[in-house]
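Here TrEMBL flags GLY116, LYS117, GLY118, GLY119, VAL120, GLY121, LYS122, SER123 as ATP binding site.
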Amino acid sequence: MINEQQVREIIGALKDPFLHKTLAETEGIVEVSIKEEKEHVSVKIAVAKTGTPEQLTLQMEIVDVLKGAGAKSVGIRFSELDPSKLEQFRGVATPAEAQDMLSPLNNTKFISIASGKGGVGKSTVSVNLAVALARLGKKVGLIDADIYGFSVPDMMGVQTMPKVVDDRIYPVERFGVKMISMGFFVENNAPVVWRGPMLGKVLDQFFRDVEWGELDYLLLDLPPGTGDIALDIHQMLPESNEIVVTTPHPTAAFVAARAGAMAIKTNHHIIGVIENMSWFQSDVSGQKEFVFGKGGGNKLAEELRADLLGQIPLGQPEIIEADFAPSVYARNHSTGQLFIDIAEKVIDQLDKKDQ
Ligand SMILES: Nc1ncnc2c1ncn2[C@@H]1O[C@H](COP(=O)(O)OP(=O)(O)OP(=O)(O)O)[C@@H](O)[C@H]1O
């Protein structure tokens with residue numbers, strides 16, 4: 001297992017993406033800690049500007065080099081360089097680099113949606129939360145990053161492909177949401193087997209080469225579970241606000257807690273839990289029937305010390321032939337309204353976090 005000095009040497013050779021000086025030169029390695037028994041390295045890095053696509057690239061480079069040197073898992077936190085230090089290096093930025101610092105995603109809040117296992121409704125929640133945020137007047141993007149199980153284009157009833165002009169990818173817009181999916185980049189629904197660097201390149205492309213314009217929120221529908229792919233993606237993403245989706249069964253909540261733990265370990269911030277398939281409203285008895293049990297969402301929220309943002313019942317959206325989108329609830333559908341309530345809570349929480 002590598003020691004702290006080796007970690008500092010390896011990362012010290014990488015460059016601050018804006019200052020184009022090595023992290024050793026900028027003294028950008030703030031903290032290194034190593035858990036020998038778990039072969040886990042966590043580092044805190046200060047860069048000129050945080051929350052940028054450039055940070056994502058650096059993040060991937062750090063994960064790559066540390067894993068290459070023997071770390072099994074890597075945690076990275078970013079902070080901004082002290083203004084006095086920044087001053088020291090100012091003047092080295094060319095106009096193109098200065099333009100980079102004004103990248104349109106700089107003020108975007110990232111929201112990732114995760115689940116402990118497949119089939120609990122993570123994609124349904126991602127799509128409807130994105131649409132609800134757009135219905136509230138926000139500028140919203142959605143990345144379907146569920147590389148094996150991409151389903152967002154079908155769920156939203158997307159019939160077109162993104163346009164590519166001069167090497168720039170223009171996302172498809174549906175219900176006011178700009179969307180891009182792994183599904184657009186594989187032929188004939190073929191299974192995808194990307195991992196490691198290849199996966200990183202594809203994700204990087206989603207941030208850098210897609211013409212998002214200015215966005216308030218960029219949602220990411222993550223792969224389900226706590227396996228290698230989910231871990232890779234967690235490590236490669238910019239720091240995000242994460243929502244964990246579960247069903248009400250206590251066992252499902254238990255599995256979802258592991259996804260939450262993975263998010264925290266990879267320095268994402270859990271903002272809440274959404275319980276899906278919470279009940280079924282019987283037409284016959286008029287009663288709520290708790291088909292999948294009760295209490296899972298609350299239990300998970302307690303465990304992750306986060307809010308239960310909402311509970312979504314079982315039930316399909318009405319199908320409108322003329323505007324087919326099989327998983328999008330209409331604004332005036334009771335579930336559509338529940339998603340508006342959740343979106344308001346999310347906006348509120350993230351605004352508070354900013355203050
Ligand atoms: N509240 C709900 N009521 C009825 N059906 C639902 C509800 N939520 C999800 N479903 C259905 O359950 C199935 C799984 O949902 P979805 O694809 O959103 O789950 P997922 O967690 O993203 O799965 P995976 O990660 O495996 O792709 C879909 O057929 C979807 O239409």
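Each Cβ is built from the backbone N, Cα and C atoms, and glycine gets one as well.
The model shown is predicted, which means the values in this text are computed figures rather than measured ones.
Location within the structure of each feature annotated in TrEMBL.
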residue	record	Cβ contacts under 8 Å, 6 or more apart
GLY116	ATP binding site	PRO224, GLY225, THR226, VAL244, THR246, ALA252, PHE254, VAL255, ALA256, ALA257, ARG258, ALA259
LYS117	ATP binding site	PRO224, GLY225, ALA252, VAL255, ALA256
GLY118	ATP binding site	GLY149, PRO224, GLY225
GLY119	ATP binding site	PRO224
VAL120	ATP binding site	PRO224, VAL245, THR246, THR247, ALA252, ALA256, ASN276, MET277
GLY121	ATP binding site	SER115, VAL245, THR247, ASN276, MET277, ILE312
LYS122	ATP binding site	ILE113, ALA114, SER115, ASP146, ASP221, LEU222, PRO224, VAL245
SER123	ATP binding site	ASP144, ASP146, GLY149, SER151, VAL152, MET155, ASP221, SER327
Same-chain neighbours of the ATP site, Cβ within 8 Å of the mean position of the Cβ atoms of GLY116, LYS117, GLY118, GLY119, VAL120, GLY121, LYS122, SER123 and not counting those residues, run in sequence order as SER115, PRO224, VAL245
For SER123 (ATP binding site), the three-state DSSP class is helix
